[in-house]
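Heads up, the thing below is written out as structure tokens.
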Amino acid sequence: MNISAPFIRRPVGTILLTIGLMLAGVGAFFMLPVAALPQVDFPIIMVQADLPGASPSTMAASVASPLERRLGIIAGVNEMTSSSSTGSTRIVLQFDLSRDIDGAARDVQAAINAARADLPATLKTNPSYRKANPAESPILILVLTSPTRSPSEIYDQVSTIVQQRLLQVEGVGNVELGGAALPSVRVEINPLALARYGIAMEDVRTALQSESANRPRGIVDSGDHSWQIYMRQPGLDATDYRDMVIAWRDGAAVRLSDVANVANGPEDIRTMGFYNGQQAVPILIRRQPGANIVQVVDSLKAQIPALRATMPPDIHLDIVSDRTLTIRSSLHEVEITLLIATLLVILVVSLFLRSWRATLIPAAAVVTSLLGTFVVMYLAGFSLDNLSLMALTVATGFVVDDAIVVVENISRHIEKGMEPFQAALVGAREVGFTVLSISLSLVAVFVPLIFMEGLVGRLFREFSLTMTVAVLISLVVSLTTTPMLAARCLSKEADEGKIMQLFQRGFDRLQAWYAHVLDWALAHRKTVLLLLAGAVVLNVYLIVIAPKGFFPEQDTGGIAGGVRVDQSISFTNLRDKLARLAEIVKSDPDVAAVIAIAGGSRAGGGFLYVTLKPRAQRASASAIIARLRPQLSQIGGVKLFLNPTQDLRMGGRHTTSTYQYVLKAVDSDMLRTAGQELVEALKQHGNRALVDVDIDQLDAGANVFVEVNRDAAARLGVSMQSIDAALYNMFGQRQVANIYSGLNQYHIVMETPRQFNRSPQSLNDVYLPVSVAGETTPSASIGSTASGGSATAFGSAVSTAARTMIPLSAVASWSTGSTSAAVSHSDGEPSATISFNLPPGGALGAAADAIEEVRASLALPTTVHGEFSGTAKVFEQTTANIPLLILAALGTIYIVLGILYESLIHPLTTLSTLPSAGVGAMIALMATGGQFDIIALIGIILLIGIVKKNAILIIDFALEAERGGASPYEAVREASLLRFRPILMTTLAAALGALPLALGFGDGSELRRPLGIAIFGGLVASQILTLLTTPVVYLVLDRFRRRGMHEQQLSRHGHSSTF
């Protein structure tokens, strides 16, 4: 049966179908969405709860734990982490890849509602959630500056209008405002003045709440008319509150200004933002997991002109960082690489076929196959991303193979004198099965990748399906359009130009040399088999010793930096150090802009976002970080951990370095000790494999521990609630009341002046109200550490007609110590996350081995268990599955070839070509300083499908020759020489298709290079060895096959003779 015959005989229909496919492909190309990588994001939801002034341990125990108990039972949660710092708890939930994020969000809200009864009553607002990964780099960073307005005023404008508009954009997960806070009325109360009047701070808080309460007041209705009842409410102006009466003493009013300084100021004074050294309000925008970055950013940028129009003219809004710029640039570079690869493939074909007409036929097949692939990509919901375009670039060398095999065979018949039409019919029929075998066995390689589970499987499913579709379309085109064009375009006369003649003479000499070497190999089969066995052993050895990585470190044009400072540092000192760090980074000639945010809700200090200049104008991001490290280390008391931003981020832990190792234990003290021991050991012994080692255990913060004498408190009638309120009112920056406006809601913040909270001795100035039965008079003296008063006055009391004010020292004592500045949980257990980076050229596999080795040497308690997290965890899982993946690919190819050949022996001959390809790939990777990562692994798996083509071409013609009466030796020798030209053509086409990837230039080249290097190196090695090993293995296995058939015949004969 000749599948190609109807298409050869009906050229008009074939041409129209081909043109229709090409036009559809052009349309699909322009409709495909653009992305950095396929959609592989874990559904991640972040829950946030705030209780200003609460300690980290209080937040962890009273807020994080109740929420974790409810959130942890939601279906599909595979990782739950929390971090509690002063006044803030953040819980990050990572769900299974199959979980719908909207359904997960509904479950999260239900869990929050269920946990509300267990949360503190002082938690004024419900915890909120966002569908965003806080560990992922922002997709867009905006900054607002003003020469006339304060950061607080700018923040008010942003939070009122801009933030809401940005959150409304589809695909936006979170819009984080940093470096400032809303305006507020700040009431700085002098506790000594209160004590003189016998007024508790709780009384002031109650008075402020009552004054600013926005209560309904009813309607006056006369029957004919109605009047709403309004009352003047104090607003955001501090002067509205200064004359407020808070108590009456001796017939006179005590006003707020008598005991406090009332002024306007930011709600949180411990945060500040900088943009290139200037105070600013940065806006960090993160996408929802799974949202297309390019589409979301385009939608956001379309909103910016309207947002600028809504703001006062003296507020300037600028784009500081746009991740889509490097994505688009990278994709543009891949498109250029695809074009170069296509031209190189066509050049190879033209040299071998020596005819421009013959060259146009495979060229048309390549273009048709690629355009047809775009149609299927569009229908399947794929995107134009780095991996899909890489797949198409590599595919240019594959899709041309089928056309080359067909055209070369038809040309051979024409050269022998056959008419082109008849040659097309005969030639296409002869190689139809060969082309089918080559294509299906190549597709078989991708079956394990397509059905691979987990993140890596999801990541490369689009790559594998794109390759599969391209190969299958190429198969169809090569059996239909290609022979039809050959029948009408090929002629008996070749284009014998000087270059073609010179190339043909060179090829003839090469083929003669190959015939000589082939004869030697067939005469020294044992030597060749030993060479093949050596290749197998060397292959295994190289894979074992090669540095292991997970995903190539990308240069996306941005750097993120986490700041770690002395945990008891003042905010003023922190702000100055962060500004100095930002100045050093900005002074680098390759840095375009620096955003720095000090303080805020994150424990540990602050963070930086660095925008680099375009890739052509600068060094790599890793090189910039390496040269900045020594300069940054000169700033004492602070450390800045810089990491290149990545398109692929796994896990929701926000750490100062890229990779994480998590320790967990029920006993927090034991965990603290184990974590510090491991970190110190890694810093000492892991320097060659790890850098920037850090831990999120912030246990060096100073604390004041208050011990209440409960008997004394009960005797005096002082409740624990009263003590808590007094401490919180004095030291908590407490938000005591709300101020409502037409567009926003503000707060009244109650606090004490700095001189009353700058040291633990300030506790001496805390007074507690005690009710008394009779009328008393104030005592004469009040001790004040703030004003330099003597400590001998601590026992004195101030009394009024109804109660006495006693110092806290009357019912409590206190001591100083260390405490946690942040408390972390993992899956509900106390945890410590060790983060680390890799040194230049370092491998994640070496770092993982170093951690396990150091941990084993410490003999940590068995109750402390550790595991890798995020990217390091996925790397560990992927490394364990590599042997299974390779075996699955080999098994699938064997099954497909066994079915096609109806033989158990010939597939083994085909698979014998693989060891040499593996050796070539590994040597090429190691020689170029590369790592054996998942991109290189994909290249090796692709080689499994590519290099067996040489064996298929030889085996098919050898079997055909044997059926014609030739001996196995004669058949395989003739087939090897006869198919030498198409084997060389297809291998060179595939190698040159991968060459632009291997050379690597432009944005995103670090992602493409491992794939190109592995394929190019493997093809070169396999081309040298398989042309010798395949004929030898064919003869050896054929001998076993014949011996087995002979023994079966003797067995059947002997069995029949017994009857």
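Cβ coordinates come from backbone N, Cα and C, glycine included.
Keep in mind that TrEMBL annotations are predicted by a computer and have not been checked by a curator.
Copied over from TrEMBL:
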type	residues	note
TRANSMEM	12-36	transmembrane segment
TRANSMEM	336-353	transmembrane segment
TRANSMEM	360-381	transmembrane segment
TRANSMEM	387-410	transmembrane segment
TRANSMEM	431-451	transmembrane segment
TRANSMEM	463-486	transmembrane segment
TRANSMEM	528-546	transmembrane segment
TRANSMEM	591-612	transmembrane segment
TRANSMEM	882-901	transmembrane segment
TRANSMEM	921-947	transmembrane segment
TRANSMEM	983-1001	transmembrane segment
TRANSMEM	1013-1037	transmembrane segment
Can we call the transmembrane segment (1013-1037) and the transmembrane segment (336-353) in contact, meaning three or more C-beta pairs below 8 angstroms at a sequence separation of 6+? no
If we skip the immediate neighbours and take only residues 6+ beyond the ends of the transmembrane segment (528-546), which ones have a Cβ under 8 Å from one of its Cβ atoms? 521, 912, 915-916, 918-919, 922-923, 925-926, 931-932, 1025, 1028-1029, 1032-1033, 1036
If one takes Cβ-Cβ under 8 Å and requires six or more residues beyond its ends, the residues near the transmembrane segment (882-901) are 433, 436-437, 440-441, 444-445, 447-449, 452, 907-908, 910-911, 914, 937, 940-941, 944-945, 948, 952, 955
Can at least 3 Cβ pairs under 8 A be found between the transmembrane segment (336-353) and the transmembrane segment (431-451), with each pair 6 or more apart in sequence? no
I'd like to know if the transmembrane segment (387-410) touches the transmembrane segment (12-36) in this structure, counting it as a touch only when three or more C-beta pairs sit under 8 Å and are separated by 6 or more positions. no
Residue list, the transmembrane segment (360-381) vs rest of chain: Cβ under 8 Å, 6 or more residues beyond ends. 18, 21-22, 24-26, 28-29, 31-32, 338, 342, 345-346, 349, 388, 392, 395-396, 399-400, 402-404, 407, 465-466, 469-470, 473-474, 477-478, 481-482, 485-486, 489-490
